[in-house]
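Feature list, courtesy of Swiss-Prot:
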type	residues	note
BINDING	TYR23, GLY49, ILE50, ALA51, LYS52, SER53, LEU54, GLU196	ADP binding site
Amino acid sequence: MAHPHLLAERISRLSSSLEKGLYERSHAIRLCLLAALSGESVFLLGPPGIAKSLIARRLKFAFQNARAFEYLMTRFSTPEEVFGPLSIQALKDEGRYERLTSGYLPEAEIVFLDEIWKAGPAILNTLLTAINERQFRNGAHVEKIPMRLLVAASNELPEADSSLEALYDRMLIRLWLDKVQDKANFRSMLTSQQDENDNPVPASLQVTDEEYERWQKEIGEITLPDHVFELIFMLRQQLDKLPDAPYVSDRRWKKAIRLLQASAFFSGRSAVAPVDLILLKDCLWYDAQSLNLIQQQIDVLMTGHAWQQQGMLTRLGAIVQRHLQLQQQQSDKTALTVIRLGGIFSRRQQYQLPVNVTASTLTLLLQKPLKLHDMEVVHISFERNALEQWLSKGGEIRGKLNGIGFAQKLNLEVDSAQHLVVRDVSLQGSTLALPGSSAEGLPGEIKQQLEELESDWRKQHVLFSEQQKCLFIPGDWLGRIEASLQDVGAQIRQAQQC
């Protein structure tokens with residue numbers, strides 16, 4: 001086997017050559033190339049005139065000396081038009097029922113069948129055998145067929161519960177194509193003078209027969225790690241729970257895994273990675289409704305579980321909760337505790353400051369910062385006399401936020417533990433403590449747990465960075481995964497600063 005990175009670079013250059021002159025068809029070309037390199041079938045859904053046949057025609061140039069066959073199905077199409085006419089000579093001289101297959105599907109490496117659902121039962125039955133077993137029964141003989149890629153196309157989906165479903169299930173990759181959307185691309189397409197039938201691929205990039213056969217064996221040697229299997233099983237279980245999810249046969253799952261192996265192999269990796277699972281969005285849908293549903297479920301899998309994003313957030317939540325518990329315990333120990341006075345006949349409970357608090361101006365620290373009067377507040381300065389009067393008689397209390405400016409009106413109360421608590425407009429509270437009595441920084445236990453979590457996050461981010469160099473995965477999906485990881489990292493860093 002060539003060096004993995006050299007192979008990945010070669011396949012990337014091969015795909016770029018095939019994409020020349022085709023606008024907004026890069027993803028389709030790349031997946032069709034992946035299908036061709038792994039011996040799978042593709043279904044293209046879309047209106048007429050959007051280069052479906054040209055995509056299939058281009059794929060012929062990925063291989064040296066590949067033969068292509070294309071045919072437009074109608075309700076009147078006959079097996080002779082697809083699989084070759086009967087040999088009159090063989091029937092006349094030897095009484096043999098044999099087809100002349102030269103130039104027809106049984107001898108083609110690349111096959112394109114347009115309006116596939118209009119094919120009759122005789123064609124469909126033979127086609128199923130060709131796809132499944134890569135064999136063609138020609139009279140009394142069973143011949144191996146060299147087909148590497150079958151591209152079937154239509155502007156409609158097969159009817160449910162029809163005889164076409166068996167063939168549809170064999171189409172592993174399903175792509176929904178539309179007209180060129182971007183203005184600049186549309187103009188370039190209109191003014192392009194490129195001959196669509198020219199070979200755009202240098203001979204040095206084309207795949208030889210020997211390479212193709214060798215790669216088929218090496219693709220099967222790509223491993224499926226346990227954590228990737230768990231993600232696949234999680235997706236399968238989730239789809240089984242959804243009432244509107246499409247039925248996915250065991251055969252389709254197995255063929256999809258080989259496609260993931262091929263994606264890893266041609267990306268220079270020895271094992272399937274979570275990023276390869278994005279390809280399942282083009283393998284598991286059945287119709288428009290299930291297309292959206294599958295994409296949503298895979299998006300959840302990629303941005304929530306594939307790189308342990310949700311697991312890390314769960315751990316972070318537990319750490320933050322533990323930190324709050326420690327803060328509460330510390331608050332109970334260090335908070336300023338006022339003295340409850342007697343007064344059975346008083347209309348309100350009265351309090352006084354501890355005797356050791358004698359300063360004329362008291363600076364009290366918030367156990368946790370609050371936003372008060374549009375300011376992030378960490379401490380409040382009170383006039384001792386004003387605070388004593390409020391403790392004794394109630395009414396309005398004011399203090400200088402962070403010790404600056406004019407004294408501002410505060411929502412202050414004494415809780416059941418006789419601690420002073422200040423609240424913001426959303427009624428979130430923070431206990432007040434004297435300077436020197438409040439613990440500074442994160443507790444060692446919390447700091448260590450956050451450092452371990454950040455280390456695990458960095459490992460996952462490095463893994464993603466190494467795996468995202470995959471030709472067959474659209475960039476917008478990679479962007480969403482990166483954003484999900486960055487969000488987790490930001491939340492960890494925010495917790496470290498508390």
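Note that Cβ sites are derived from N, Cα and C of the backbone, with glycine treated the same way.
Help me see these features in their spatial surroundings.
Annotation for ALA51 (ADP binding site): spatial neighbours LEU22, ARG25, criterion Cβ-Cβ under 8 Å with sequence separation of six or more.
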Listed ADP-binding residues TYR23, GLY49, ILE50, ALA51, LYS52, SER53, LEU54, GLU196 - what's their greatest C-alpha to C-alpha distance in Å?
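Maximum Cα-Cα distance: 14 Å.
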A 10 Å Cβ contact count, applied to the binding-site residues TYR23, ILE50, SER53, LEU54, GLU196: which residue has the minimum?
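Taking TYR23, ILE50, SER53, LEU54, GLU196 as the binding-site residues, the minimal 10 Å Cβ count falls on GLU196.
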Around the ADP site formed by TYR23, GLY49, ILE50, ALA51, LYS52, SER53, LEU54, GLU196, list the extra residues of the same chain whose Cβ is within 8 Å of the site's Cβ centroid.
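Near the ADP site, beyond TYR23, GLY49, ILE50, ALA51, LYS52, SER53, LEU54, GLU196, sit LEU22, ARG25, ILE55.
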Taking the Cβ of each of the binding-site residues and counting other Cβ atoms inside 10 Å, which one has the highest number: GLY49, LYS52?
LYS52
